[in-house]
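Encoded as C-alpha cells, the structure appears first; notes follow it.
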Amino acid sequence: MSLRQPLPPAGARDPVTPEGRLRPVTPEHWASGPPSEAQPLLRQEAKGEEEEGEETGVQGASGTGTAEQRRRGWGEAAEAAGAEEGQVEAGGTAAAGSGSPAGSASGDRGDWRRLLAWLRRRQPQCCPCAAPLPRSAAHCCHGGTKMAALAYNLGKREINHYFSVRSAKVLALVAVLLLAVCHLASRRYRGNDSCEYLLSSGRFLGEKVWQPHSCMMHKYKISEAKNCLVDKHIAFIGDSRIRQLFYSFVKLINPQFKEEGNKHENIPFEDKIASVKVDFLWHPEVNGSMKQCIKVWTEDSVAKPHVIVAGAATWSIKIHNGSNEALSQYKTNITSIAPLLEKLAKTSDVYWVLQDPVYEDLLSENRKMITNEKIDAYNEAAVSILNSSTRNSKSNVKMFSVSKLIAQETIMESLDGLHLPESSRETSAMILMNVYCNKILKPVDGSCCQPRPPLTLIQKLAACFFTISIIGYLIFYVIHRNTHRKNKSCTDLESGEGKKNIINIPVSQLEILLQSFCKLGLIMAYFYMCDRANLFMKENKFYTHSTFFIPIIYILVLGVFYNENTKETKVLNREQTDEWKGWMQLVILIYHISGASTFLPVYMHIRVLVAAYLFQTGYGHFSYFWIKGDFGIHRVCQVLFRLNFLVVVLCIVMDRPYQFYYFVPLVTVWFMVIYVTLALWPQIIQKKANGNCFWHFGLLLKLAFLLLCICFLAYSQGAFEKIFSLWPLSKCFELKGNVYEWWFRWRLDRYVVFHGMLFAFIYLALQKRQVLSEGKGEPLFSNKISNVLLFISVVSFLTYSIWASSCKNKAECNELHPSVSVVQILAFILIRNIPGYARSVYSSFFAWFGKISLELFICQYHIWLAADTRGVLVLIPGSPMLNIIVSTFIFVCVAHEISQITNDLAQIFIPKDNSSLLKRLACIAAFFCGLLILSSIQDKSRH
C-alpha cells in the first residue's frame with residue numbers, strides 16, 4: 001500500500017512559530033502528514049470519545065491515550081517515509097519499524113538519509129503544476145528555506161523523542177530519590193531533633209517574621225497558651241534580660257499584664273482560672289545565691305517547676321569592670337551549678353539562655369565595659385561547661401542560643417544598646433512556647449519539636465495493600481517479560497534476516513490495575529514523606545507583593561506565547577474552558593504558596609476564581625444533560641469516581657477527613673444537585689423542549705424551585721447543619737466535630753452554580769434560534785451590540801475589581817460575594833467571546849494545566865505546600881528559587897501521572913456494561929462500609 005501523503009499548504013502551520021516549537025512528531029501523526037502537523041507537547045492525547053459539554057468545573061481527569069498507545073515507539077515514521085520512495089529494504093524495515101531505542105546508529109542515519117531523499121524528491125510547491133500557496137507561505141517556495149524549516153522540525157523531533165512527558169516523570173523520580181537520600185544523610189549527620197534547630201538556628205523573613213531552620217513555628221493564641229500551660233509552673237531566673245523575656249512570655253497568656261514594680265526583685269504571676277503560675281526570680285549573677293535557689297528544687301520534697309529558664313552574665317562583667325578574674329569566677333560558679341541543672345533536667349525542661357550581643361555605640365558610660373568580645377567569652381564558657389557536665393551522654397540542659405541570632409538583626413533598634421526591642425523579645429517568648437507546647441497541642445503549622453504522628457490502623461492497612469500491589473505487579477511484569485521473550489522474532493534460515501513477530505499481545509485489565517496501584521503506591525509514599533514523615537523540611541509562608549505578582553506576570557507571558565487556533569469557535573468551547581481552568585488554577589497555586597490570603601484585595605479576586613470553577617460546573621453539567629439527555633448511572637458514577645478517587649485515597653493515606661479537601665465535596669454535592677434537579681420528573685431536555693416551548697417554562701420553574709431551596713438553606717443554618725449532621729453524611733462533612741466549616745464553604749458560593757445553569761440555558765436557547773454568530777473571526781453579535789456589550793463588560797469587570805480592592809473587612813465582603821461574583825464572571829466570558837479573533841484562539845499552555853487542574857488543586861496540599869497548606873515544602877534548603885523550581889517540577893509531574901492513573905482505573909471500575917457496573921458498585925459499597933467501621937474503631941481508640 002502506498003504511504004504517499006500530500007504536503008499540507010505551507011500556510012497551514014508555520015514551522016517556526018511559537019506554537020510550532022512544542023510539537024513532537026509521533027507515529028500516529030506522521031502517518032497523516034509531515035512533522036509540521038504534529039500535535040503540541042503540552043496537549044494530552046485524546047482517550048476515547050470526548051463528549052460535548054462534559055466540562056466538570058475542575059475536572060482534571062481527561063483522557064491521555066490508552067496504555068498501549070503510550071508504549072508505542074517512534075520508528076514507524078522513518079519507515080513510512082522510506083516506503084513511500086520504495087527504498088525500504090527488509091533489514092532496514094525491521095530496524096526502523098521496531099521503534100526500539102536500542103536500534104543501531106547506522107539504522108538511525110539510514111532513517112535520516114531516507115527522509116532527506118524523500119524531501120528532495122518531493123515536487124516543489126511553487127511549481128506551476130502545484131496547488132497555489134497562500135501568501136503567508138511564500139517564504140517556503142525556495143528550497144534552502146524549506147530545507148532549513150524541515151531540518152528544524154527534524155531536530156525538534158529528536159528533542160521531543162528524548163524529552164517528553166514520560167522522560168520528565170523519570171527525571172522527577174530520580175530527583176525525588178536523590179533528595180530523599182540527601183535529606184536522610186543530613187538528618188543522620190546533623191541529628192533529627194527539630195527542637196535543636198528551633199533553639200539554635202533560623203532567619204528573619206522580612207522584618208519581624210522569624211523562620212526556624214527546617215521546621216515551622218506556630219503562633220500561639222491566648223486560649224491555646226492557657227490550654228497548654230494549665231496546671232503548670234514556669235520559673236525564670238536571671239538578670240534584667242531574663243526579666244524582659246519573662247514579661248513577653250506572660251503577655252502570651254495575659255496581654256494586659258503590665259511591666260511595673262521594683263525591677264530588682266522577684267515578680268510573681270498567676271492565672272487562677274487557667275491554673276498557670278509563672279515566676280521571675282531576680283539573680284543577676286551566677287553565684288551562690290542562684291545555686292541555692294536551684295538546689296532547693298533538686299530536693300525530693302519540693303515541688304519543681306515544669307520549665308526553668310535561666311541565664312546571667314552582663315552584671316558580672318559590669319560589676320567587675322570586665323576583668324579576667326570575674327570570667328574565671330563565672331566558670332567556677334557555673335561548674336558548681338551544672339550538676340544541679342542536669343539533675344533538674346531529668347524531670348523538668350531546663351533552658352540556659354546565652355547572652356545576646358550589645359550595641360556598643362548606644363551603651364551608657366557605666367556599661368561601656370560590656371563588650372561583645374566579653375559576652376562571647378562568657379557564652380563559650382557556659383556552653384563548654386554545661387555540655388560537658390555529663391561524660392557519657394548528651395546534656396539534658398538545652399542551650400537557648402537562638403536569641404543571639406535574633407539580637408544580631410534587631411539590637412540596633414535597642415533604646416539603650418543592652419536590652420532588646422519588644423518585637424525581638426516576643427519572638428524569643430514564642431519560641432519558648434513552641435518548644436514546650438508543640439508536643440502537647442500538636443498544631444498543624446507547628447512542626448518544630450513535634451514527633452512523627454503514629455500510623456493509624458487504616459494507614460497500616462493501606463500500606464500493606466500498596467506493598468502487595470507493588471510486589472504483585474513486579475511478579476506479573478517478570479512473568480509477562482519472560483512470555484514476551486519466547487514470542488520474540490526468530491531467524492529466517494533462508495534469508496538469514498530477523499522476522500518481526502506481528503502478533504500484538506493485548507494489555508489485560510489485571511496488568512493495568514496492578515500497574516496503576518503500583519504507581520499510586522509509590523506516589524502516596526512520596527506524599528507521606530513530604531507531609532507526615534518529617535523527612536523533608538517545612539517553612540512558614542511570608543507574603544510580599546513581589547512574591548505574588550511577579551510569578552503572575554511570568555505565567556501570563558508564557559500563556560500568551562503558547563497560543564493556537566481552536567478547533568471550534570463556539571462560546572466556552574472545550575479548549576477555552578480548559579484554558580480558563582488552567583490559568584485560574586495557576587493563579588490559585590501562586591496565591592497559596594505566597595500566603596497572599598493576608599492581602600484582602602487578592603483574597604477577594606481569588607474568591608471569584610473559585611466561584612468561576614463552580615460556574616463551569618453548573619454550565620458544563622447542565623449543558624451535557626440538556627443536550628444529551630443521558631441520566632444513566634454510568635455517567636453519574638464516572639463523574640463521581642473521577643472527582644473523588646484521589647481525595648478518598650488521600651483521606652486514607654494522610655489520615656485526613658473528606659471535608660479537609662473542601663472543594664471536592666463542594667463540586668460533588670453541586671453535581672448531584674444538578675443531576676437531581678434535571679433528572680426528577682418531568683425530565684426536560686432540549687429535544688423535548690424544541691417540540692413545545694411550554695417545556696422551557698417548566699425548566700425555568702425547576703430552576704426557580706432550586707433557587708428557593710438554596711436561599712432557604714443559606715439563611716437557615718440550623719436546618720443545614722441538621723441535614724449534614726446525619727450519619728453517614730456527618731462522616732463526610734464534619735471537620736473538628738461539627739459541620740460549620742462545610743456550611744461556610746457552601747454558603748460562600750451558593751448562587752454561582754445556579755448562575756452557571758441559567759447561563760447555559762439562555763446561551764443554548766439563543767444558539768438554537770441562531771441569534772449568535774459563532775463563525776471564525778465573526779463577532780458574537782452585530783458590531784453595534786457587540787461594542788456596547790464589550791463596553792459594559794469592561795466597566796463591570798473593573799468596577800468589581802475596584803470594589804474588591806477597597807474592601808476593609810473580610811466578613812462584610814464575604815457576605816456580598818455570593819451575589820456579586822457573577823458580575824465579574826459574566827464580564828470575563830463576554831470579553832473573551834464577543835470578539836471573533838479572541839474566540840478563535842486559545843493558550844495551549846494554560847489548557848494543558850487545565851486538564852489536570854483537579855489533581856493540581858488536591859496535590860498541592862501535601863507535596864507543594866506543607867503542613868496541610870499552612871507552610872511551604874523545602875526540598876532544597878538555602879535556595880528558595882531553586883527549591884520552588886524543583887518542587888514545582890515534581891509536583892506537576894505527579895499531578896499529571898495521577899490524572900492518567902485515574903483515567904485508567906475509571907475504565908476498570910466504571911465499565912459501560914450495566915451488569916458489570918452494578919457488581920463494581922456493590923464492591924465499592926462494601927469497601928466504604930468497611931472503611932466506616934474501621935474509622936469508628938479508630939476514633940474510639942483515640943478517645
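Going from the start of the chain as shown, residues are counted 1 onward.
Backbone N, Cα and C define each Cβ position, glycine as well.
What TrEMBL says about this protein:
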- 1-109: region 'Disordered' (REGION)
- 75-107: compositional bias 'Low complexity' (COMPBIAS)
- 442-921: domain 'Cas1p 10 TM acyl transferase' (DOMAIN)
- 457-479: transmembrane segment (TRANSMEM)
- 512-530: transmembrane segment (TRANSMEM)
- 542-562: transmembrane segment (TRANSMEM)
- 583-604: transmembrane segment (TRANSMEM)
- 639-655: transmembrane segment (TRANSMEM)
- 661-681: transmembrane segment (TRANSMEM)
- 693-715: transmembrane segment (TRANSMEM)
- 748-766: transmembrane segment (TRANSMEM)
- 787-804: transmembrane segment (TRANSMEM)
- 846-867: transmembrane segment (TRANSMEM)
- 873-896: transmembrane segment (TRANSMEM)
- 917-937: transmembrane segment (TRANSMEM)
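Sequence-distant residue pairs (6 or more apart) of the transmembrane segment (846-867) and the transmembrane segment (661-681) include at least 3 whose Cβ atoms are under 8 Å, placing the two stretches in contact. Long-range contacts of the transmembrane segment (787-804) within its own chain (CB-CB distance under 8 A, at least 6 residues past either end) are made by residues 601, 604-605, 608, 781, 813, 820, 823-824, 826-828, 830-831, 834-835.
Long-range contacts of the transmembrane segment (542-562) within the same chain: residues 18-19, 22, 40, 42, 205-206, 209, 211, 579, 582-583, 586-587, 590-591, 594-596, 598-599, 602, 843-846, each at least 6 residues beyond the stretch ends and with a Cβ under 8 Å from a Cβ of the stretch. Computed over the domain 'Cas1p 10 TM acyl transferase' (442-921), the whole-number mean pLDDT of the model equals 92.
Residues 60, 165, 168-169, 171-172, 175-176, 179, 213-214, 523, 526, 530-531, 536-539, 593, 852, 855-856, 859-860, 863-866 of the same chain, all 6+ positions outside the transmembrane segment (873-896), place their C-beta atoms under 8 angstroms from a C-beta of that stretch.
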